[in-house]
Amino acid sequence: MTQVVLGVDLGTSSVKVSAVDRQGQIVAQQSFDYPLTQPHPGWSEQNPEDWVNGTTVAIVNLILKDGLNPADIAGISYSGQMHGLVLLDDNNQVLRPAILWNDTRTTSQTQEIAEKMSEEFVAITRNLALEGFTLPKILWVKENEPEIFKQAKMFLLPKDYLRYRMTGNLAMDYSDAAGTVALDVVHKVWSKAVQKTFDLPASFFPELIESTDFAGYISESYATFSGLHTSTKVFGGAADNAAGAVGAGLLNANMVMSSIGTSGVVAKFEDRADVDYKGDIHFFNHAIPNKFYSMGVTLAAGDANAWFKSVFGEDIPFGDWVNEAAQSLVGANGLIFTPYISGERTPYPDADIRASFTGIDRTHQRADFIRAVLEGIIFSFKDIMMIYDREGANFDTVVAIGGGAKSSLWLQIQADIFNKKVTTLVNEQGPGLGAAMLAATGLGWYDSVQDAANKIIKFGTTYYPNPEAVANYDQVYAIYQTIYAATKEISHELLTYRRQLKH
Ligand SMILES: Nc1ncnc2c1ncn2[C@@H]1O[C@H](COP(=O)(O)OP(=O)(O)O)[C@@H](O)[C@H]1O
Ligand SMILES: O=C(CO)[C@@H](O)[C@H](O)COP(=O)(O)O
């Protein structure tokens with residue numbers, strides 16, 4: 001009998017469930033895709049029931065197809081897409097589709113928060129109130145769907161809703177709670193000032209737990225539904241970027257993580273709460289008690305690549321598509337892409353900016369366009385790194401995770417644009433492995449999350465910057481940096497035009 005833990009990575013495009021043994025080996029893995037709806041420009045919603053069904057299908061497949069014995073599943077924990085608003089009524093029924101992290105309908109609510117609380121808000125929550133975060137979404141529903149809001153008794157985040165459906169218990173872990181921007185990050189309590197200013201009762205906010213805390217057993221009803229046993233213990237879990245940081249071994253201040261999922265993230269471990277990025281970079285509680293991490297977000301990273309492929313190369317597998325970029329040159333033959341297809345967050349908190357190709361020439365081929373997309377995404381990561389540089393943060397290693405880290409070409413582009421060494425993980429399952437490590441630590445298999453990381457994480461290939469490419473990218477990046485300001489007004493006008501078309 002080999003005991004395993006399940007790490008459930010509830011992503012934006014799919015849920016991936018990894019079964020991990022005591023040595024940290026992934027023994028089996030199943031995933032299930034679900035849709036995302038965009039009823040208006042800037043809106044992004046999912047049906048929470050799809051998360052529950054997708055997770056259940058993946059678990060059933062682990063049992064039936066991979067032969068996992070439910071009695072051997074000792075624990076389960078989660079990594080969840082952050083910030084998504086799930087509203088529950090008195091009977092814990094979902095009131096409306098979840099409003100996701102990449103939904104940017106909330107610009108006026110972010111302005112309202114800034115006007116009402118200004119610097120006090122950043123001091124408490126350690127973040128600006130950006131469109132993607134949960135509090136503006138709550139206020140949007142309050143203002144635009146009062147009949148629904150009247151029935152709302154509590155809110156949860158995506159993986160917390162999934163955990164509720166698997167255990168029957170309502171709770172939220174600190175790392176995800178920080179992304180609501182209603183948490184007093186340093187004191188680890190819901191902010192009374194936020195509750196009072198926006199007239200939200202304390203009962204609307206769920207109980208807070210640590211990522212490795214025991215959160216209940218699998219309920220009778222979910223056991224019947226999934227085939228799991230009621231003896232399986234469930235643990236808090238974490239925001240996907242915190243779980244990804246755990247799974248990437250981001251436990252040391254000299255390391256930065258770059259994650260190319262649907263979104264893109266550059267994150268840094270923070271030992272102490274007294275670093276002050278003034279809201280230019282997010283600052284959240286880590287999945288490790290009393291530790292923190294900072295991060296900047298490119299709203300569409302892997303998604304910009306996926307979008308471009310869906311329009312111009314639908315049937316081509318991702319690996320082949322990305323490799324086609326090798327036929328182009330460093331700097332994509334003088335073609336630059338800015339990846340703002342869904343607006344941007346860091347360093348430009350601008351929901352209405354849109355993407356651009358600049359410098360299209362009669363000679364450009366598809367390979368140049370693909371390469372420009374891959375490079376533009378990494379230039380936007382470099383923009384985040386420039387904030388760390390500005391604040392004097394020292395780091396020498398970038399750990400690359402996410403779907404984008406499957407491509408050695410894209411990894412080399414990262415090393416050359418960052419001018420840093422970029423390291424991969426042997427088992428590139430950052431968030432899912434991180435989630436499994438949280439369950440394993442909660443079960444007592446390891447003394448701490450750090451202990452689990454030391455025993456489990458194995459770094460893979462390292463990509464070193466090529467000096468010639470670095471010099472070329474320096475030139476192209478300098479041009480890239482001017483494009484946001486140059487395209488801002490045009491983008492905003494075009495979006496206004498598109499919004500008129502829709503209504
Ligand atoms: N073979 C590949 N090579 C490079 N990039 C890839 C490959 N496969 C997928 N990707 C990229 O990874 C992204 C998905 O990453 P993933 O971490 O699975 O996302 P999420 O967790 O947000 O659902 C895709 O949008 C795509 O751009
Ligand atoms: O909004 C953020 C972080 O602030 C995103 O990183 C989401 O957490 C979604 O993650 P992926 O589905 O792209 O992994």
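Cβ coordinates are placed from backbone N, Cα and C, and glycine is handled just like the others.
TrEMBL lists 4-247 with the feature domain 'Carbohydrate kinase FGGY N-terminal'.
Sequence annotations record features per position, and here TrEMBL assigns site 'Important for activity' to D9. DSSP assigns D9 (site 'Important for activity') to a strand segment in the three-state reduction.
Sequence-distant neighbours of M82 (substrate binding site) (same chain, six or more apart, CB under 8 Å from its CB) are W101, L157, D176, G179, A239, D240, N241, listed in sequence order. What TrEMBL records for M82, H83 is substrate binding site.
All chains included, 34 other C-beta atoms sit within 10 angstroms of the C-beta of D240 (active site, proton acceptor). Summarising the annotation, TrEMBL assigns active site, proton acceptor to D240.
The domain 'Carbohydrate kinase FGGY C-terminal' annotation in TrEMBL covers 257-441.
Put simply, H83 (substrate binding site) is 15 Å from D9 (site 'Important for activity') when counted between their Cα atoms.
Around H83 (substrate binding site), a 10 Å sphere centred on its CB holds 26 further CB atoms from the protein chains shown.
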